[in-house]
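S.K.: Pasting the relevant annotations from Swiss-Prot:
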type    : residues     : note
BINDING : Gly39, Glu59 : Mg(2+) binding site
DOMAIN  : 4-130        : domain 'Nudix hydrolase'
MOTIF   : 40-61        : motif 'Nudix box'
Amino acid sequence: MDKKIIQVAAGIIRNEFGQIYLTQRLEGQDFAQSLEFPGGKVDAGETPEQALKRELEEEIGIVALNAELYERFQFEYPTKIISFFFYLVNEWIGEPFGREGQEGFWVEQHALDAGQFPPANAKLIHRLLNETHNFI
């Protein structure tokens, strides 16, 4: 049986201080209580960037003004394959908050811990931790 491929677009919401906005997955979801980058499934007829902008508004109440593709990869789970599109978002309108009841908070980029995220995020976390940025 072929595994279903699901496209997911998520945002790396990074402020001028080098902090990244994360949310915590709700009870009842896969990987409940894990941290995640805000985003969600790409709907039929949408591009990943369109899905990202829609999901950011729905989930955390911001309007992304820019979105640069940062990382794209697939991760295979026992029953499905997730095709991830991670976008770096440095400009937005609004203050992010958990519109769907999830906790949200800012974390220093250098303090990201892959163990707090679903396994699919390990590669992305590794790349973010290896970056060097000058946030002024």
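Placed from the backbone N, Cα and C atoms, the Cβ positions cover glycine too.
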S.K.: I'd like the Cβ neighbour count for Glu59 (Mg(2+) binding site), meaning other Cβ atoms within 10 Å of its Cβ, all protein chains included.
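M.R.: Result for Glu59 (Mg(2+) binding site): 22 other Cβ atoms within 10 Å.
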S.K.: Sequence gap of 6 or more, Cβ distance under 8 Å: name the residues on the same chain that satisfy this around Gly39 (Mg(2+) binding site), in order along the sequence.
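M.R.: Listed in sequence order, they are Val8, Ala9, Ala10, Gly11, Ala51, Leu52, Glu55, Leu56, Glu59.
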S.K.: Looking at the domain 'Nudix hydrolase' (4-130) alone, can you tell me the average pLDDT?
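M.R.: Averaging the confidence scores along the domain 'Nudix hydrolase' (4-130) gives 92.
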S.K.: With DSSP as the reference, give the number of residues of the domain 'Nudix hydrolase' (4-130) in helix, strand and coil.
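M.R.: Per DSSP, the residues of the domain 'Nudix hydrolase' (4-130) fall into 31 helix, 50 strand, 46 coil.
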